[in-house]
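Database features, via Swiss-Prot:
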type	residues	note
DOMAIN	103-293	domain 'ATP-grasp'
BINDING	130-179	ATP binding site
BINDING	247, 260	Mg(2+) 1 binding site
BINDING	260, 262	Mg(2+) 2 binding site
């Protein structure tokens, strides 16, 4: 345990979103890791805004995925209470969670991102299929539909609308599925994702053996550099901080297309962020403590 860091950590987990079960798995792994280093842990299952944090808990380790955890809500509540927490602030979390907003900012910042538009109410999509239809504010590939024939579009939009009233149509870019962890302003080794079949959906993300991963990804030096730079640029464009994960498709013509940023990436037994950290020489407990350290020092410096 680092004596310069708070001893008592409140781990906030659960939440009301579709990603609740993944959050509980992330929290369990984080709690076990920090406990093994000697930290005192208060595990708090957050179901409403009226959660209680022990008075002597000195910082919150946020493990809530999806709405209320990654959309800026819980960060804003903690900021009002004057309680330190891990990860990005409320504003950058909100931008990253809203795909329509973040992709608009990527375009303004010169970051490659697949063409997209908000759909519904009879709006015409200004590019041809295939499309990826997705809720603007949802994570873990929940609510995503693939459309290859325009006849399938209305049904796909209807399905995605179950998860958010704002739905995007995005051009389907084919290529290598990659993800890049960002930690303390630096890009971690790139991970390549190969689902055993189909696309990297919720099932392939959280089922052991459903996907194969390569870390570091088998890319050329130039490809690796371009992917890491693009990921870091995207992270900075949204004002994110401490840590996160950037999902990218590297197309056959060498363009790294940014799909989205996860400000509270999964930390489960199948998660990619810890895999990338391990490839850089950092075990899971060290990673959790590093996130704690960066977040706490940032809070002390800026509040």
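Numbering starts at 1 and runs along the chain as displayed.
Glycine is treated like the rest: Cβ placed from N, Cα and C.
The structure, with features from Swiss-Prot marked on it.
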residue	record	CB count, 10 Å
130	ATP binding site	14
137	ATP binding site	21
151	ATP binding site	9
158	ATP binding site	13
165	ATP binding site	11
172	ATP binding site	16
179	ATP binding site	26
247	Mg(2+) 1 binding site	21
260	Mg(2+) 1 binding site	19
262	Mg(2+) 2 binding site	22
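In this structure the alpha carbons, written CA, of residue 137 (ATP binding site) and residue 247 (Mg(2+) 1 binding site) are 15 Å apart. Secondary structure at residue 158 (ATP binding site), taken from DSSP and collapsed to helix, strand or coil, is helix.
Ranking the binding-site residues 247, 260, 262 by the distance of their Cα atoms from the Cα of residue 179 (ATP binding site) places 247 first.
In the structure as shown, the Cβ atom of residue 144 (ATP binding site) sits within 10 Å of 20 other Cβ atoms. Taking 130, 144, 158, 172, 247 as the binding-site residues under consideration, the smallest Cα distance to residue 262 (Mg(2+) 2 binding site) is found for 247. Recorded residues residue 260 (Mg(2+) 1 binding site) and residue 165 (ATP binding site) have their alpha carbons 19 Å apart, per Cα-Cα distance. Cα of residue 247 (Mg(2+) 1 binding site) to Cα of residue 172 (ATP binding site): a distance of 14 Å.
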